[in-house]
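Written below as structure tokens is the structure these notes are about.
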């Protein structure tokens, strides 16, 4: 009897302390992609811890090896923040009712995503071919954009859903097929014999955005710490000198490639190294147009789920108070306030 | 009264009347359903658009267009098209694996020459994890049907083969001696004595390996595909559409259960002697 009471007290004390701890500890996830490698560096270099300490919190950064799994884990509530693209932020957490904020616009893909075909020279040559790609991903979105810009539609091709891990190997033997993929597999695919890049994301600049997304109701200290750590990391990787060399070397290693490969990928990634540049794209009216294209594509593919009756079901809010879709159901927000604080040096 | 001492549930001598058996059998299902609905309700009170645990009505709403409406792009009924595609792959892969396993396994069990040649090799092949072969299969056989069927075959055949080989070896040697002394030939022994005894046993082997075959089917469809039950699950996983995934998993379970049941009934009907008597 005595023992069990002691045990009960101990358990209660443990639960109290862990919940008290939980209020100050936050979990953030990321996955491998050129534009997200800085997060690993932010952690290893101590920059992330420095900003967490400054805000009186703890940040637990986790690498989730499978990209889509990381977004799903964020959506189901395992993480407070996670890296993802603008399209996935809209179709997974926002469509799943998780009010999310695009806290950091890290970069846009400027050639990091591409369409490669063997024995063809233009997008028109895709007609009638098998297309290997991850269906319903940004690759699918880019294919739809490429086809429509060239007067074709998805009916003109046959899509084979192929895991991104196997795309490069599959393309090596599917001599008639074309692929749509992103870096690093894109780099391997392009190097194959007879392969031609017929379209890439630099033809639709600013449409594939890579973000750090956070729950809208998350603790403001977490938001400040993440933005602060990010721009300090950006400074390290672009500021020149030994610090930059170290940072690039560390990121190349974390990405699993050579420095030359990583630098090549950086040239097709339009990084926003300073908060002012990220603020500029967030305020550009083009962002609203892009999100309109993205949401129309997503709704047409059924990615909003069965609850959504029309394309306006989910509201998207922009910094200039412009709203797309239902203003009563805003689930994706582009919030500039903390980026502006970073820009003005007030973090 | 002795009867009042009779235990209903606990105890090695406990006996359950029929009504209690039915209740006990359904209880875990009901508990699972209640737990699910409760958890779904909790999550939906917090977030009405929650995708992780959809309610029953959401699943019905998500599934009905897949089941009863023609897909605009492909012109097929998605759910039935997926089911048919998957069942075809499973039938071809497992069917071929079964025939090869039965024939080679039986001959290995009877003829020492076959045994010496096939024994080490089949043991070796059975140790290769089939899923690790998947990338190689896709490169050598392409992303069409062949690679998927081959994966199921490679996954199922060696295990079934070894099982049938062991069953053959376990037959009493007296049967061979008797067959030969009565003037039977080698092949008469194999096809008139061994095979009839192995057939019901091989159906058990088949039943036990169906689960693994499903696993290989789903894995192959997840990697490169244009239709199939596994394809759909991994496709809609991209946007966490549990309202489609959960019914699909339930459907796969039901199909597996039905196949197993049909094989059991078939075996009882054709080989009543194997199941303990004339029933």
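Glycine is treated like the rest: Cβ placed from N, Cα and C.
Whatever TrEMBL says is automated annotation, not expert-curated.
For B:20-39 (among others), the entry in TrEMBL reads transmembrane segment.
Residues or ranges marked as domain 'ABC transmembrane type-1' by TrEMBL: B:87-267.
Among the features that TrEMBL reports, transmembrane segment is placed at B:90-111 (among others).
For B:123-143 (among others), the entry in TrEMBL reads transmembrane segment.
Residues or ranges marked as transmembrane segment in TrEMBL: B:206-224 (among others). Remote same-chain residues near the transmembrane segment (B:206-224) are listed as 86, 89-90, 93-94, 97-98, 130-131, 134, 138, 143, 147-148, 151-152, 155-156, 159-160, 230-231, 233-234, 252, 256, 259-260, 263-264 (criterion: CB distance under 8 Å, separation of at least six residues from the stretch ends).
Sequence-remote contacts of a segment are chain residues at least 6 beyond its ends whose Cβ falls under 8 Å from one of its Cβ atoms, and for the transmembrane segment (B:244-263) they are 54, 59, 62-63, 66, 83, 87, 203, 206-207, 210-211, 214, 218, 229, 232-233, 236-237. Residues annotated as transmembrane segment in TrEMBL: B:244-263 (among others).
Same-chain residues lying 6+ beyond the ends of the transmembrane segment (B:90-111) with a Cβ under 8 Å from its Cβ atoms: 118-119, 122, 148-153, 155-158, 160-169, 171, 186, 189-190, 194-195, 198, 202, 205-206, 209-210, 213-214, 216-217.
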